[in-house]
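Student: For reference, the structure I am asking about is given below.
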Amino acid sequence: MSGAMQHGDTILALTNYVFPNDVYVHWSLMIVLYPYITGIVAGAFIVSSLYHVFGIRELQPISRFSLVFALAFLCCATWPLLLHLGHPERALNMFLTPNPTSAMAGFGYIYSAYLILLVHEILFIYRPTMVGLWMNSTGIPRKLYAFLSFYNDNLSDEAMKLDHKIINFLAGLGIPMACILHGYVGFIFGGIKANPLWATPLMPVIFLLSACVSGISGIIFSYILIRKVTGKPIDVTCIRTSLKFLWGFFILDFVFEMLEVFSHFYMSTHHWHVLESLLWGPLYTTYWLLQVKIFSLIPFFLLGAVCLIKFKDRVVLFVAPIVSLMILIQVLLMRWNVVIGGQLMSNSTRGQVSFVPEWLGREGILAAVVVMAAPVVILFLLGKIFPFWMSEEPKDS
Amino acid sequence: MIDIKKEIERDRRAFIKKVLGGSIAGSLLLVLPAGAVDIAEQIPGMREEKAVFTAKRFAFVVDITACIGCGSCCVADKAEYNVPDGHYRTWVERYIIDDHDNVFVDCPDGGLHGYIRAREGLPHPTRDTFFVPKLCNMCEKPSCVQVCPVGATYQTKDGFVLVDKTRCVGCSYCIQACPYSVRFISPATHTAEKCTWCYHRVRKGLLPACVEVCPVHARKFGDLNDKNSEVYKILHEPHVISVLKPDMGNKPALHYVGLRREVV
């Protein structure tokens, strides 16, 4: 919880009235990161499903990596929540004694179910690899790989067919679950009728589309980065296809975001007058300037150009990381503008507060950096166990 | 000489007796329950042996045509609950409408110190001014109860919305959900807190603290199932009565007499 402004401020008092309990921004940086992280998880899973379920063969090089990437972020999805809670020691009560009418109470179940599904899908996809590593290693790694192969070294055609069926089933089930995971996060905000910025049935849709966008961007950016750093060749066809999907999802995402604002503007109810004072008030810079003008319109046209014009490979490889990083920032800004922005309007509908995040503290900038760095470290560690790329697999003995 | 000695001896006895008697009486006062101090029942029927609390339907009525903005209710509330500074279970807003129809609202320190000075620096002459006390709306369909993930915020059978601070996880979801902004996170307990309409007093037949201290009777409280209660009469007579933000669909049990359209 961070103080926003001192109530009774003389300048604000004249024209601006904020309810006395509304001067605090209760959901701060950690609740900005929570939907950001779960969004990346859901989006990365969609990338994998595009190959495994929808048969987009060009995405094969990143299909396994995207699952491990999703797992790395999913491991940290609960961290911001625990840092945010006033009583984190009671967090499990949401799971053990949930209130069935609360959207938030569903998180434990949705999160656990998704984690179980993701881990199983990774294990089944990696089973041939794990068996190979099991056979070629000794000591503790041998035991670990045996465990990760379900102690089953049967790689016969029949067994692989069964594995493939299970993978297809899990990937197929995973798509609606990834959508539920993130659509649900959107609903946590969209179901709050008291907040004019949040209360829209479009909120889960926008969250879901922005999740796909952030996941695909995250995969493109990290794939190029890791391949560059490790000096391995980059599959440009895969990047081109990913960029096409990124553009497609981003068109939907951006258009829905703008349509939402436009619809309110056109209807011009009291709802809009409250939103207008927010979007052209304390949210102007982070919303219009940063989120819309710089980090949406520029990537939008860049992506369009890369997808429609036949550029040389090196141009694509130059633009792809820039555009994906920009979209990652766009989605983070969107989360900020929704989560923080929604709290800058008082329920009095007569005034706004400002918010500057603190540096230290449980919900400070430093903690946010640690929470965002953790998935990268976990991804590095997971990479030691699960080889990201097919070419790294040991030859099956 | 012997007589004098006897006299002293007697005085000593009397003295010791008096000290002992005083000590015992004082100790008894300390150990006797406060209930022994008889405060007359303020809500009729609450102390009857056969009284069923679930049969009550309580309502709060605030008469904004009566409120003088003295802040006594806020003081009583702060004293009753030791409300941390900067957070408010109840507050009193001052509305000023000038002759250009501009509406100015303020509420320094929640109105705790009363509005003893006129507001300065307004651009036009004042057309109208009034005070609006705010507190928990005790909604029939409370958003806070709906969203609480662990059921720490709950509704009692007699319609009160309360917070169990031993269960609250401090997620602040209820604060986001409340359309009236009556909730806050206590910096002492890190749990959600709000006005309870003094449930502990009501169950003992006493009026909420703010109602009891209001010098102009602007705050009224009672049972709507009791046709003799003042709140029943007010809500069933042709007064100008409304609730805050009726569009939210929360069905508040807090009603305002003379509510103005400027009030949110």
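Cβ atoms are placed via backbone N, Cα and C, with glycine included.
The model shown is predicted, which means the values in this text are computed figures rather than measured ones.
For reference, TrEMBL lists these features for the protein:
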TRANSMEM  A:24-53  transmembrane segment
TRANSMEM  A:65-86  transmembrane segment
TRANSMEM  A:106-126  transmembrane segment
TRANSMEM  A:166-190  transmembrane segment
TRANSMEM  A:202-225  transmembrane segment
TRANSMEM  A:245-267  transmembrane segment
TRANSMEM  A:287-308  transmembrane segment
TRANSMEM  A:315-336  transmembrane segment
TRANSMEM  A:364-382  transmembrane segment
Student: Would you say the transmembrane segment (A:65-86) and the transmembrane segment (A:364-382) are touching, if the rule is that at least three C-beta pairs must lie under 8 angstroms and be 6 or more residues apart?
Tutor: yes
Student: With Cβ distances under 8 Å as the criterion, find the stretch in A:24-53, A:65-86, A:202-225, A:287-308, A:315-336 that has the most pairs with the transmembrane segment (A:245-267).
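Tutor: Result: A:202-225.
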Student: Using Cβ atoms only, state whether the transmembrane segment (A:315-336) and the transmembrane segment (A:166-190) have three or more pairs under 8 Å that are 6 or more apart in sequence.
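Tutor: No, since the transmembrane segment (A:315-336) and the transmembrane segment (A:166-190) share fewer than 3 Cβ pairs closer than 8 Å, they do not count as touching.
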Student: Are there residues at least six beyond either end of the transmembrane segment (A:287-308) with Cβ under 8 Å to its Cβ atoms? List them, or say none.
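Tutor: Long-range Cβ neighbours of the transmembrane segment (A:287-308): 240, 243-244, 246-247, 250-251, 254, 257-258, 279-280, 315-316, 319-320, 322-323, 326-327, 329-330, 333-334, 337, 341.
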